[in-house]
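Colleague: Would you mind keeping the following structure in view while I ask a few things?
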Amino acid sequence: MPTTPLLLAALAALAALAVAAYPSCSPGPDPSGKCQRLASTHSATCVDLHLRTCADAAYNHTSFPTPLEHRSWEAVEASPEYTLLGVLHFLLEGQCNPDLRLLGCSVLAPRCQGGHTQRPCRRVCEGLREACQPAFDAIDMAWPYFLDCTQYFAPEEEGCYDPLEQLRGELDVEEALPSGLPPTFIRFAHHSYAQMVRVLKRTAARCSQVAKTYSIGRSFEGKDLVVIEFSSRPGQHELMEPEVKLIGNIHGNEVAGREILIYLAQYLCSEYLLGNPRIQRLLNTTRIHLLPSMNPDGYEVAAAEGAGYNGWTSGRQNAQNLDLNRNFPDLTSEYYRLASTRGVRTDHIPISQYYWWGKVAPETKAIMKWIQTIPFVLSASLHGGDLVVSYPFDFSKHPHEEKMFSPTPDEKMFKLLARAYADVHPMMMDRSENRCGGNFLKRGSIINGADWYSFTGGMSDFNYLHTNCFEITVELGCVKFPPEEALYGLWQHNKEPLLNFLEMVHRGIKGVVTDKYGKPVKNARILVKGIRHDVTTAPDGDYWRLLPPGSHIVIAQAPGYSKVMKRVTIPLRMKRAGRVDFILQPLGTGPKNFLPGPSRALPRSLDPQGAPAQLDFEPPRARRQPASGSKPWWWAYFTSLSPHKPRWLLKY
């Protein structure tokens with residue numbers, strides 16, 4: 001055939017690529033002619049480890065050349081293997097991270113100690129491959145060659161080390177607990193980062209049918225932002241099941257929320273297994289995401305000062321000295337500008353390109369990508385330093401930015417959400433003179449954020465103006481870093497408010513928007529007359545609209561369809577969302593019958609330095625499988641690596 005020379009040339013090129021991609025035999029071929037396994041240890045010159053992706057490895061020194069024959073930091077950082085480690089948490093939706101990343105680091109930057117390099121243990125690799133292979137299969141990605149458990153990892157008898165020992169570290173206190181403790185036992189103590197990750201992973205393993213952990217990104221110093229999720233089908237969005245998140249430790253020195261969310265995770269797991277009907281109903285009808293520590297780097301600084309320290313600033317910022325609750329895009333100023341113009345939408349406001357010119361923390365980026373990926377309905381951010389629940393807006397509409405009551409269009413609903421927490425909190429309702437934060441008692445321990453003090457760049461305002469999510473801020477107490485003996489009391493005071501708040505996600509209405517053929521309509525608008533704030537449908541056409549009791553006129557519309565209007569009545573004591581579906585009819589050739597609004601959909605301005613724009617932060621499992629001969633969706637992450645693209649990740 002005429003193409004035979006071309007095929008031979010292509011095969012030769014692929015063979016050359018394979019030789020370049022895989023390290024040579026070490027120390028040499030055995031008598032049978034096969035490649036001998038790498039030695040478990042060998043002499044080397046140890047150098048300091050300088051890889052940001054591997055900054056949280058359990059060792060500080062490595063050596064060159066590496067098992068992949070990289071001979072400099074530049075070669076490692078330019079390699080597709082290193083690029084893969086940096087994006088694994090996005091590709092796998094946080095599954096198996098940071099475990100897989102640290103396993104990869106043990107090959108790309110081998111441990112060097114006392115003039116000898118050491119190989120990681122094969123059993124660790126095999127255990128991770130068994131657990132994580134389904135995650136790779138789900139996105140049609142081959143298992144990375146450099147994580148070959150036979151070639152790059154050593155058996156126990158040859159001497160090896162556990163590359164995940166950092167995750168298993170600092171467990172002496174947990175392991176020393178007496179055996180035979182009841183499954184409901186919770187240790188009310190402060191948790192280091194390693195202990196926190198371990199507790200979350202243990203909890204997810206214990207309740208694997210309803211829980212899993214994942215990472216949404218990494219802090220500036222490389223710590224994974226670990227989330228534990230609870231759902232009847234963990235890892236996937238279910239039709240009309242609302243999504244809710246709780247975030248702690250956005251300020252590193254405000255630690256009560258961090259610990260309370262660790263306790264809450266254990267409580268939900270234990271009570272579910274014990275058959276608590278309230279918890280089982282909650283987990284079977286709600287997808288709950290708990291992020292105990294948004295600022296683990298700041299926590300380390302605060303923890304070094306010790307519990308009880310109340311200096312108000314030590315560890316507050318992240319490692320870049322950025323206040324994360326002032327680091328989000330200021331969409332509130334844009335809202336005030338748009339609100340003065342009739343017929344212009346004031347919801348789902350895009351992020352200005354100017355925002356990316358400033359200093360944006362990796363923790364902030366991780367949160368923004370997270371809430372653009374999952375259709376969150378409700379959220380709370382847990383803080384410390386006072387005893388009050390505040391709600392948006394946090395930025396004042398006063399022309400001189402002074403504190404001033406600045407309500408959102410959903411003022412009534414936000415007050416209901418805030419009261420759902422405060423009204424069942426014993427200390428927030430305490431009328432004694434010794435009560436912390438007593439100046440809020442006359443307000444019912446709730447306040448509009450801007451009426452308290454005004455600031456821009458807050459996370460709550462961003463949630464409301466950029467997405468469908470309603471977020472409140474909970475100040476848990478006047479001591480930012482309470483001593484351990486106070487933690488049990490804090491948990492008891494906040495357990496019922498947290499559960500009551502989580503259940504509030506089932507207030508209002510929910511439903512599905514479809515066309516006349518039953519096909520879901522994505523990004524349809526759900527409008528409520530008298531409330532100038534729309535929500536949009538998720539990819540499956542489902543929506544949730546938090547609403548206070550009363551009568552409402554609800555409208556659904558989408559480009560190319562006629563609008564549909566319905567009147568709904570929400571009873572005062574109704575504790576579950578009413579079902580309101582819409583079937584949209586396609587428009588004819590006449591004038592388009594839309595409600596007043598912008599002439600085009602608001603664009604979503606993405607981080608120009610972040611993930612490829614075509615991915616749009618959708619969950620990997622939502623991607624279509626590639627057509628025959630085309631590349632999978634995740635290939636876009638590696639397009640800049642030509643000619644060294646990781647073709648070894650392709651299955652076909």
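Cβ atoms here come from the backbone N, Cα and C positions, even for glycine.
Pulled from Swiss-Prot, these are the listed features:
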SIGNAL    1-20  signal peptide
DOMAIN    41-163  domain 'FZ'
DISULFID  Cys46-Cys112  disulfide bond
DISULFID  Cys54-Cys105  disulfide bond
CARBOHYD  Asn60  N-linked glycosylation site
DISULFID  Cys96-Cys132  disulfide bond
DISULFID  Cys121-Cys160  disulfide bond
DISULFID  Cys125-Cys149  disulfide bond
DOMAIN    189-505  domain 'Peptidase M14'
BINDING   His251, Glu254, His383  Zn(2+) binding site
CARBOHYD  Asn284  N-linked glycosylation site
ACT_SITE  Glu475  active site, proton donor/acceptor
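Just tell me what is around each of these and how deep it sits.
Modeller: Along the domain 'FZ' (41-163), the predicted structure has mean pLDDT 88.
The C-beta environment of Cys46 (disulfide bond), restricted to residues of the same chain at least 6 apart in sequence and closer than 8 Å, consists of His61, Thr62, Ser63, Cys112, Gln113, Gly114, Gly115.
Long-range Cβ contacts of Cys54 (disulfide bond) within its own chain (separation 6+, distance under 8 Å): Leu85, Arg101, Leu102, Cys105, Leu108, Ala109, Gly222.
DSSP classifies Asn60 (N-linked glycosylation site) as coil under the three-state reduction.
Under the DSSP three-state reduction, Cys132 (disulfide bond) is assigned to helix.
Counting only residues at least six positions away in the same chain, the Cβ atoms of Phe153, Ala154, Pro155, Glu156, Cys160, Tyr161, Asp162, Pro163 sit under 8 Å from the Cβ of Cys121 (disulfide bond).
Around the Cβ of Cys149 (disulfide bond), 19 further Cβ atoms fall within 10 Å across all displayed protein chains. In the three-state DSSP reading, Cys149 (disulfide bond) counts as coil.
Under the DSSP three-state reduction, His383 (Zn(2+) binding site) is assigned to strand. Residue environment of His383 (Zn(2+) binding site) contains 23 other Cβ atoms, counted within 10 Å of its Cβ in all protein chains.
In three-state terms derived from DSSP, Asn284 (N-linked glycosylation site) belongs to a helical segment.
Using a 10 Å radius centred on the Cβ of Glu475 (active site, proton donor/acceptor) and all shown protein chains, the other Cβ atoms total 26.
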Colleague: Same chain, not part of His251, Glu254, His383: whose C-beta falls within 8 angstroms of the C-beta centre of the Zn(2+) site? Give them in sequence order.
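Modeller: Close Cβ neighbours, site residues excluded: Asn249, Ile250, Asn253, Gly257, Arg316, Asn325, Leu382, Gly384, Gly385, Lys480.
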Colleague: How far is it from Asn284 (N-linked glycosylation site) to Cys125 (disulfide bond), counting Cα to Cα, in Å?
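Modeller: The separation of the Cα atoms works out to 34 Å.
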Colleague: If you draw a 10 Å sphere on the Cβ of Cys160 (disulfide bond), how many other Cβ atoms land inside?
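Modeller: Result for Cys160 (disulfide bond): 21 other Cβ atoms within 10 Å.
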Colleague: Does Cys96 (disulfide bond) have same-chain partners at least 6 apart in sequence with Cβ under 8 Å from its own Cβ, and which are they?
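Modeller: Spatial neighbours, sequence-distant, of Cys96 (disulfide bond): Leu88, Leu128, Ala131, Cys132, Ala135.
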Colleague: Using C-alpha atoms only, work out the spacing between Cys125 (disulfide bond) and His383 (Zn(2+) binding site) and round it to an integer in Å.
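Modeller: Each residue's Cα considered, Cys125 (disulfide bond) and His383 (Zn(2+) binding site) end up 39 Å apart.
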Colleague: Please report the distance from the Cα of Asn60 (N-linked glycosylation site) to the Cα of His251 (Zn(2+) binding site), rounded to the nearest angstrom.
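Modeller: So the Cα of His251 (Zn(2+) binding site) lies 28 Å away from that of Asn60 (N-linked glycosylation site).
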Colleague: Taking the Cβ of Asn284 (N-linked glycosylation site) as the centre, how many other Cβ atoms fall within a 10 Å radius?
Modeller: 14
Colleague: Determine how many residues of the domain 'FZ' (41-163) DSSP places in helix, in strand and in coil.
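Modeller: Taking the domain 'FZ' (41-163) as a whole: 53 helix, 17 strand, 53 coil.
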